[in-house]
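**Student:** Can you keep this structure in mind? I'll have questions shortly.
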Amino acid sequence: MGIRNFEKIRIKLASPEKILEWSHGEVTKPETINYRTLNPERDGLFCEIIFGPTKDWECSCGKYKRMRYKGLVCEKCGVEVTRAKVRRERMGHITLASPVSHIWYSKGSPNKMSLIIGISSKELESVLYFARYIVTSSQESTVEVGKILTEKEYKLLKQLYGNKFEAYMGADGILKLLTAIDLEKLRDELENELAEANSAQKRKKLVKRLKIVRDFIASGNRPEWMILTNVPVIPAELRPMVQLDGGRFATSDLNDLYRRVINRNNRLKKLLEIRAPEIVVKNEKRMLQEAVDALIDNGRRGKPVVAQNNRELKSLSDMLKGKQGRFRQNLLGKRVDYSARSVIVVGPSLKMNQCGIPKKMALELYKPFIMRELVRRELANNIKMAKKLVEESDDKVWAVIEDVIADHPVLLNRAPTLHRLSIQAFQPVLIEGKAIRLHPLVCSAFNADFDGDQMAVHLTLSPESMMEAKLLMFAPNNIISPSSGEPIAVPSQDMVMGCFYMTKERPGEKGEGKLFSNIEQVITAYQNDKVGTHALIKVRMNGELIETTPGRVLFNEILPEIDRNYHKTYGKKEIKSLIKSLYEAHGFTETAELINRVKNFGYHYGTFAGVSVGIEDLEVPPKKKSLLNQADKEVAQIDKDYKSGKIINEERYRKTIEVWSRTTEAVTDAMMKNLDEFNPVYMMATSGARGNVSQMRQLAGMRGNMADTQGRTIEVPIKANFREGLTVLEFFMSSHGARKGLADTALRTADSGYLTRRLVDISHEVIVNEEDCHTHEGIEVEALVGANGKIIEKLSERINGRVLAEDLVHKGKKIAKRNTMIHKDLLDKIEELGIKKVKIRSPLTCALEKGVCQKCYGMDLSNYNEILLGEAVGVVAAQSIGEPGTQLTMRTFHTGGVAGAATVVNSKKAENDGEVSFRDIKTIEINGEDVVVSQGGKIIIADNEHEVDSGSVIRVTEGQKVKEGDVLVTFDPYHIPIISSHDGKVQYRHFTPKNIRDEKYDVHEYLVVRSVDSVDSEPRVHILDKKNEKLATYNIPYGAYMMVRDGAKVKKGDIIAKIIKLGEGTKDITGGLPRVQELFEARNPKGKATLAEIDGRIEILTTKKKQMRVVNVRSLENPEEFKEYLIPMGERLVVTDGLKIKAGDKITEGAISPYDVLNIKGLVAAEQFILESVQQVYRDQGVTVNDKHIEIIVKQMFRKVRIIDSGASLFLEDEVIEKRVVDLENKKLEEQGKALIKYEPVIQGITKAAVNTGSFISAASFQETTKVLSNAAIEGKVDYLEGLKENVILGKKIPAGTGFNKYKSIKVRYNTDDKPEEE
């Protein structure tokens, strides 16, 4: 069995015997090497007797040289004759004069050592560092074992009891206690105590202790092994000492740390020999303890040990930790040979599967292959001569090199490698020069451009790797992105420009209206300049006359016949969908050739079109002036309304901004209409070749609203554009936004990279493991609708390529069977029948213990076939979510901080057809319109509820039939008014509004704020009649603006107060990426909403508790049952008294927490909530990520459960364990007829889930390395190497793709008929 051939790996504590077993000798001297002879000192840290010879097959004194003395130990110098490489594997040890504790276990929380002994970690520390005594044995009942004594107490007790008890300081005492522990007995005691314990605090403590005791028993570790009596010394070559140019030495920090341990240990030995006074010995023992602490984990306790230049020394723990540690630096990312790197330039003449490699580079990369070929062709007599020929780049070499590289693909990689398309394989083509040539169509996959980007080339060496490169990684196989199923190798820029220009039509061109009998005639006429490129002509094709243009005829010539369309103008979008449909029909190879033809066509005619940009092309629309004047008038009117007290400041601000947003749009429209269809800038933007309308608006329209430093929109817009030029003030206002964009980019890129890393860490073990898990579960999917009723993701997009979880039935007719994959035809059918909900299989409900099955995953998005077994879908999911993260971060960059207009919503529309019914709506008539005066009423159509705020105008009548999209109510977009339904006099109760004066306009506003007199009761307004009788009472929330004064008269329909609606700020991905992180980390959002836990009716009580409002939700079925919520006075309620409400609905304003959704609505709802919230962020940014990728991550977040009742199992309550482990245990318990385990699902954020993953190697390489390893060692954890990371770290083939475990057992059989001929 080879060293590589193992299935699992285990980590345990090392016993003192084990350390000696590893060792090849004791290091007793702190010396390293002799400064004169430069030979290692005997018994020192580099001793050749212990660690092996420094030169191959040669002993230290030189008596025995050469290989024939292999294995001999020289009698003169005692060194074994062997390879020098053993200095990398032979260990030594230091025998300590006094035991010391291992800092990983004596410090940190939970503190293992103190838990096992049953003292606090503070007490443990005081004993270990010689401040207190601990009693280790006692015959006296008053002095119990484990008691902590100060110096005074110890002396007093010694006088009293003499030798009836023993107490020690330092690790000696702890060692004695730990050795004496009987783990089984301790476990039974703790279990009994736990059964009797009644306080939660005590139970928690006992559970912690019991867990550690059980871990020790299960793993076969002994507690006293946490105390070191021998310290292992790692092999000499792993802590090297090298001579620098100036004769000085550079050495690893570890050598310094070891030297301190050895020095102190030797000094302690001497002190003990000469029987030094107690106090000196104790001090030396403490220093030894500190030296060993520093060696294991420097800086963990006390001041870190520093070198001369005040730099902290790197200890053994630091060698493992962090990005520079062993795991991430050397095991997960290695530097590789057979690689090269250079600048890239465009190679438009290459085929899709080719790349240009400079001759010099190829010569070096393929060196051994060229040498072999030279010898094989007898152009060189031996390898040595061949090497010389290659190095002199002899003419013979050029003859060979073409053949050598002919079938030998290379891999190209561009950093940052964000997804799997950042590494692709190409067939090399030799070129002159020193730059690598890249095919223009793969640029978007690599995210490369030619402004100085560099790329790395790697050579495939083994036949297997060459095979995989050709079959899986060739560029033509990567036309489609695995994250969304959309084409990614799409022509861009010049190529689009050429195709767009050629397929446009222009009335009145030369030869318009001519008739042609066939395509050849058109082309001849065009080449002879008898007809213009864009002229509308008629051509006979397949027996019918088709109206088209010569340009379109030429473009369609390069397409297969079935895909031709002579009426279309091809911009980037059209070309993209063309590529998609081509791929669906013809597969990769043909599509690749076709895209190449489109590329050549585009470049050729793009050059021929001669599109260029001059400043005259940016025409400022003549209408701009009048539009701006109109806007200025509107703003003046708004200011007037504000001064007269009709509106409040916030409304004035928002209305002003809305006017300017609208004007900016109008100017943009005017600009676009004003431009000629063939204006170069217009063509570039509309075709998708370069730039967009928002950039054009800034160049030739107006810049519009800008955001200030706080992210609020400035109410004075920038009226100028870049062609007219900005004034100094305008420039100053806009510079902040532009710079913020750049700063954001820099900060966010790092964030996004870290997000990707966490996602990979949590999902790398998800592999397609089986064909079918035979579950009947699934998730119900419908179109994803945003807050403003806009469809974010269509149903067809969500279910494309998924598998049905149950038969699809519509009106009693079966349309498709269960387990059918949904493809294009079925999608069309579903849309045609108007089906709104479909139940599909999903990774979330997959029943496999590990990984997912083919059916639950569905289609492989990168090739539209069923996903293959062994596919690493987890990593693909992580990359698909992480890669756009980096793009999202760079969104603000090009538009230069222009504030995005939040669209103003001022009406509610019906979401479906049906009959209207009202619930809890009170209206009064004002100016002939029905105005709502109640809060929280609803309009119900079929089973869809539409909430109606007060102040809304109702546009439908009860019982009216409406169609989807009909307007139900209109309302003011900026505020919710509180309207008087009576004539009368106003009386304020329990509040005095704060008077706010606006200096600029000299206007007073009255804001309702919390004051001393309103502590106990809510602010209200009574409307009184002439006899001062109450006609009506209105609750006024804090933050409302009073529109009438105390004692004023009001008429029916007057506005008493206004509540500001929360506005959307500028939407920047700043909202985006942090939001995605918040969701995946399952953090409680800031200002979270209170949700109702049961269905019922709202009761808002007038009494207060703890100065908070009381809101009850009383169940409708059982009026006895209700839930009480205490709402702080400042929070805004979104419910009213008597409103019917469902479990999970909001009671107060705010963001929803996933934990609340889980507790109230259960697991499925919580999973869907995270999935849909993430999807919303990505869709807002215009990024398509398929649901299934997010589902895989969410599945990993929910893989753990919390034990509520452990039944007959050995689990402890409140323990968080993988669901699959608990389910297995329950299966066993069920078979034995014992009590089952009860549990509840828990959400773990991605960081936590990655640290708590089943594999300790993967977890240690992620974060908190020392903690993970120390815990795993105590548990004696076994890593079954199921994920990808563990296998990469151990240098094994990953268990995915061609390394998938099921493929290992495949036997190759020949069919009897076609056996290969015997030679």
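Any Cβ shown, glycine's included, is placed from N, Cα and C.
Keep in mind that this is a model prediction, so the values were computed, not measured.
Quick paste from Swiss-Prot:
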- CYS59, CYS61, CYS74, CYS77: Zn(2+) 1 binding site (BINDING)
- ASP449, ASP451, ASP453: Mg(2+) binding site (BINDING)
- CYS773, CYS846, CYS853, CYS856: Zn(2+) 2 binding site (BINDING)
**Student:** Report, in whole Å, the straight Cα-to-Cα distance of CYS846 (Zn(2+) 2 binding site) from ASP451 (Mg(2+) binding site).
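**Tutor:** So the alpha carbons of ASP451 (Mg(2+) binding site) and CYS846 (Zn(2+) 2 binding site) sit roughly 46 Å from each other.
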**Student:** Could you measure between CYS74 (Zn(2+) 1 binding site) and CYS856 (Zn(2+) 2 binding site) for me? Cα positions, answer in whole angstrom.
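**Tutor:** Between the alpha carbons of CYS74 (Zn(2+) 1 binding site) and CYS856 (Zn(2+) 2 binding site) there are 67 Å.
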**Student:** Of the binding-site residues CYS61, CYS77, ASP449, which one has its Cα closest to the Cα of CYS853 (Zn(2+) 2 binding site)?
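**Tutor:** Checking each of CYS61, CYS77, ASP449 against CYS853 (Zn(2+) 2 binding site), the shortest Cα distance is to ASP449.
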**Student:** Where CYS773 (Zn(2+) 2 binding site) and CYS61 (Zn(2+) 1 binding site) are concerned, what is their Cα separation in Å, rounded?
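**Tutor:** Rounded to the nearest whole number, the Cα-Cα distance is 68 Å.
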**Student:** Roughly how many Å separate the Cα of CYS77 (Zn(2+) 1 binding site) from that of ASP453 (Mg(2+) binding site), to the nearest whole number?
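**Tutor:** Roughly 58 Å, rounded to the nearest whole number.
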**Student:** Inside 10 Å of the Cβ of CYS846 (Zn(2+) 2 binding site), count up the other Cβ atoms and send me the figure.
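**Tutor:** Excluding its own Cβ, the number within 10 Å is 25.
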**Student:** Could you list the residues of the same chain, at least six apart in sequence, whose Cβ is under 8 A from the Cβ of CYS856 (Zn(2+) 2 binding site)?
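**Tutor:** The list for CYS856 (Zn(2+) 2 binding site) reads CYS773, THR775, VAL803, ARG841, SER842, PRO843, THR845, CYS846, LEU848, given in order along the sequence.
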**Student:** Write out, in the order they occur in the sequence, the residues of the chain not among CYS59, CYS61, CYS74, CYS77 that have a C-beta within 8 Å of the mean position of the C-beta atoms of the recorded Zn(2+) 1 site.
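**Tutor:** So the additional residues around the site are SER60, GLY62, LYS63, TYR64, LYS76, GLY78, VAL79.
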**Student:** Helix, strand or coil for CYS856 (Zn(2+) 2 binding site)? Use DSSP.
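**Tutor:** Its secondary structure by DSSP: helix.
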**Student:** Check the binding-site residues ASP449, ASP451, ASP453 for other C-beta atoms within 10 angstroms of each C-beta and report the one with the most.
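**Tutor:** The residue with the most neighbouring Cβ atoms within 10 Å is ASP453.
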**Student:** Hey, which of the binding-site residues CYS59, CYS61, CYS74, CYS77 is the loneliest by Cβ count within 10 Å?
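**Tutor:** If we count Cβ atoms within 10 Å for the binding-site residues CYS59, CYS61, CYS74, CYS77, the smallest count is at CYS61.
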**Student:** Rounded to a whole number, how many Å is the Cα of CYS61 (Zn(2+) 1 binding site) away from the Cα of ASP453 (Mg(2+) binding site)?
**Tutor:** 55
**Student:** Cβ neighbours within 10 Å, counted over all protein chains: which one of the binding-site residues CYS773, CYS853 has the most?
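**Tutor:** Buried the deepest by this measure is CYS853.
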**Student:** Could you give the Cα-Cα distance between CYS59 (Zn(2+) 1 binding site) and ASP453 (Mg(2+) binding site), in whole Å?
**Tutor:** 52
**Student:** Can you list, in sequence order, the residues of the same chain other than CYS773, CYS846, CYS853, CYS856 whose CB lies within 8 Å of the CB centroid of the Zn(2+) 2 site?
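**Tutor:** Everything else in range on the chain: GLU770, ASP772, THR775, ARG841, PRO843, THR845, ALA847, LEU848, VAL852, GLN854, LYS855, TYR857.
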